[in-house]
Amino acid sequence: MEEITNVMEYEAVAKKKLPKMVYDYYASGAEDQWTLAENRNAFSRILFRPRILIDVSKIDLTTTVLGFKISMPIMVAPTAMQKMAHPEGEYATARAASAAGTIMTLSSWATSSVEEVASTGPGVRFFQLYVYKDRKVVEQLVRRAERAGFKAIALTVDTPRLGRREADIKNRFTLPPNLTLKNFEGLDIGKMDKADDSGLASYVAGQVDRSLSWKDVQWLQTITSLPILVKGVLTGEDARIAVQSGAAGIIVSNHGARQLDYVPATIMALEEVVKAAQGRVPVFLDGGVRRGTDVFKALALGASGVFIGRPVVFSLAADGEAGIRKVLQMMRDEFELTMALSGCRSLKEITRNHVVADWEAPRASLPQPRL
């Protein structure tokens, strides 16, 4: 394998290694995949305003998320069925995140259970939750996550139905027969049937609750003391309701562009959500983050941190735990370099004035032409 020097390069390696059905499942977005491309492209419309001649000999990347100290504001997003990428699956991801001193979010649809992931050793971990029609299943799952030492619930709120992912339809996507959705194994809903379209779409239609509403966010707080992050917010209106509903934080996410196509890139939606949250809860971002520069841009626009998804599964497929460790290290190194070259020594020094977005009016501070 030729030396990998950035996060994007893992995708090509993963594509070579993985069966088409598996690669397509990880890589694809909904319908025209406009938002999939836009999640990346939007970052390139934000430019830096670096400050020079600042002593950057010491740079502190550490931060606190829901009271937990982590090494950097880059965390691992929940991605489903990781054993399709590599036999060690979520075990490898858990170990890599822990080694990097950051947070891993485990998917409800993991191919390793909450208990198995906890058994890999210490580490701060969050649990991503889909709310099933059978609320007893949900309660049981939340209890198990609590008992296994998970520290927060990331409630996915953008999936009353699964988005239309045409690659999965063409490939008749289903979970390979040797794998199960481990968290549901004992409940006889850990297997996915073959379907005439996407096996996952059929599974979601059968199991996930389409009636999920804000009152369920409040219900969830009655069954667990864990903080709840609402994942899948794209508007100021919903950010306000999330705060009112008792959310401990918000994740600005379009589900990796896999749900509703033609929603904005998350980096475009971020400021509206941050403004609406008024500093009452932290706001995080996922979607399209591939470079340290992207992380800086998200923080400059008000995010408290970012989550990365596809870079984790692609590097896992390419090189197992070592691949994920390298992705987290590369992102960290790039982010630290961006901070240094922008004149920021800590996360609190990253401000809105460090970036200019091409949708902004020109700055008043620039000399105005004489009339």
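Backbone N, Cα and C define each Cβ position, glycine as well.
Curation plays no part in TrEMBL annotations; they are all automatic predictions.
These come from TrEMBL:
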- HIS255: active site, proton acceptor (ACT_SITE)
- TYR25, ARG165, HIS255: glyoxylate binding site (BINDING)
- 78-80, SER107, GLN128, TYR130, THR156, LYS231, SER253, ARG258, 286-290, 309-310: FMN binding site (BINDING)
- 1-360: domain 'FMN hydroxy acid dehydrogenase' (DOMAIN)
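Locations of recorded TrEMBL features on the structure.
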residue	record	Cβ within 10 Å
TYR25	glyoxylate binding site	25
PRO78	FMN binding site	26
SER107	FMN binding site	24
THR156	FMN binding site	22
ARG165	glyoxylate binding site	25
HIS255	active site, proton acceptor	23
ARG258	FMN binding site	24
GLY288	FMN binding site	27
GLY309	FMN binding site	23
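The average pLDDT computed over the domain 'FMN hydroxy acid dehydrogenase' (1-360) stands at 95. A Cβ within 8 Å of the Cβ centre of TYR25, ARG165, HIS255, the residues given for glyoxylate, is found for these other residues of the same chain: SER28, GLY29, ALA30, LEU162, GLY163, ASP168, LEU200, GLY256, ARG258. With respect to ARG165 (glyoxylate binding site), the closest of these recorded positions in Cα terms is HIS255, chosen from PRO78, THR156, HIS255, GLY309. Put simply, GLY309 (FMN binding site) is 13 Å from TYR25 (glyoxylate binding site) when counted between their Cα atoms. Counting only the Cα atoms, the space from GLY309 (FMN binding site) to HIS255 (active site, proton acceptor) is about 10 angstrom.
For the pair GLY288 (FMN binding site) and the residue listed as 'active site, proton acceptor', the Cα-Cα distance reads 10 Å.
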